Amino acid sequence: MLSKKLAIDHIPHLIKGKRVLMRVDFNVPIKEGKIKDLTRIQGALPSINYCLENGAESVVLMSHLGRPDGQRVEKHSLKPVLPAIEDLLKKKVQFLDDCVGSEVERECKSASKGKVILLENLRFHLAEEGKGVINGEKVKATKEDIAAFRKSLTSLGELYVNDGFGTAHRAHSSMVGVNVDTRAAGFLLKKELQYFSKILETPERPLTVVMGGAKVADKIQLIMKLLELADELIIGGGMAFTFNKVLDGSNIGKSLFDQEGAKIVPDIIKKAKERGVKIHLPVDAVAADKFEESAATQLVDLKTGAIPDGWMGLDIGPKTIEQNSRVILRAKTVFWNGPQGVFEMAPFSKGSLSMLDDIIKATQTGATSVAGGGDTVSLLGKVKGTTDKFSHVSTGGGASLELLQGKQLPGVVALSDRQ
């Protein structure tokens, strides 16, 4: 049970005078030495500040950045992140150019008076992920190297805080290998667990799930699991055309068709019927003659008409928007994963933007709304001022989807249980 795990605000009395080792997610986009999006760094601030306010001797921050595959790659150094952390924390932060080893251990052990230290990229070492690539060859870290790496990390703190939800589904050394007595979730991780446990364990009903994206096959496990939880399921985006073709035999022109996913559609419909879940598919679509913003478009009624050969469906139409709106506005819990159309192009963004508006309206009238998945989160990022109108926007694409599929997250399992 997610709610049984120890969190940082359960242990203020244990923080005083302790060296805190904190796993954060500073995997931020950097271009020409400049950070393009500060969201992840800002997200870690409440946990860092809480430790400092409660008298931590020091806070040592560790993170990965990019995929250096177990080698030191300068463009993946965390050093460019330092000025942003100092600016946001309004205090000096010491940067160490490694994350383990005798020199790092010495610096971290002697840090005092609320000092904050940022370690170099964890993934510069093979032992963080347990594998990597050297000279184009895939290599694995030895058991001895992994044990030594974890021992060195463990010595850097007396208390461990995990605030890196984005990699909690990976059994990496910084997630599962820090062997101290007290291992707690930071505020960011706690919030993620709170909202996902609400969906998984105690949802207010009706619970409506909105699925989008391209392929059915990619999300089959997720859809099957969500059919055990949901009352209503809205299917949109590219994957909807696979459902339309299989179920109605409709001509979908050059729209996305997922050959593998098509084989699974009857199983999804069967399970939905067994569980009494209402599935809502598009009844009309905006079709285009090419995959471009300047394409010619036409509205197609999917019940009576067909998408012409050579044309492709790139968004849901007004009748579907209306249908979805009714479903969303009666929901008490909404989980949104995947846009309704090609929202990056203005002529095909209406379906996704209407969905966004409806979920915000539902939230304002008391529903719990959770958004997850890269495309959905980037849509919210594009439309200013929408993120904070959701109950929760998840920071962990893969981690949140694995959690919803009923899988255990190694980074969460490794946390101490509440007494």
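Here the Cβ of each residue, glycine as well, is placed from N, Cα and C on the backbone.
Per Swiss-Prot, the features are as follows:
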- VAL24, ASP25, PHE26, ASN27, ARG40, SER63, HIS64, GLY66, ARG67, LEU122, ARG123, HIS169, ARG170: (2R)-3-phosphoglycerate binding site (BINDING)
- GLY213, GLY237, PHE343: ADP binding site (BINDING)
- GLY213, ASP218, GLY237, GLY338, PHE343: CDP binding site (BINDING)
- ALA214, LYS215, LYS219, GLY238, GLY313, GLU344: AMP binding site (BINDING)
- ALA214, LYS219, GLY238, GLY313, GLU344, ASP375, THR376: ATP binding site (BINDING)
- ALA214, ALA217, ASP218, ASP375: Mg(2+) binding site (BINDING)
Neighbour tally for ASP375 (ATP binding site), based on other Cβ positions within 10 Å of its Cβ: 18
Rounded Cα separation (Å) that holds between LYS219 (AMP binding site) and VAL24 ((2R)-3-phosphoglycerate binding site): 28
In sequence order, the binding-site residues (ALA214, LYS215, ALA217, GLY338) whose C-alpha falls within 10 A of THR376 (ATP binding site): GLY338
Which same-chain residues, if any, lie at least 6 apart from GLU344 (AMP binding site) yet have Cβ under 8 Å of it: none
Integer Cα-Cα distance in angstrom, GLY238 (AMP binding site) to ASP375 (ATP binding site): 13
Winner by Cβ contact number (other Cβ atoms within 10 Å) across the binding-site residues ARG67, ARG170: ARG170
Minimum Cα separation from GLY213 (ADP binding site), reported as the residue among binding-site residues PHE26, ARG67, ARG170, GLY313 that achieves it: GLY313
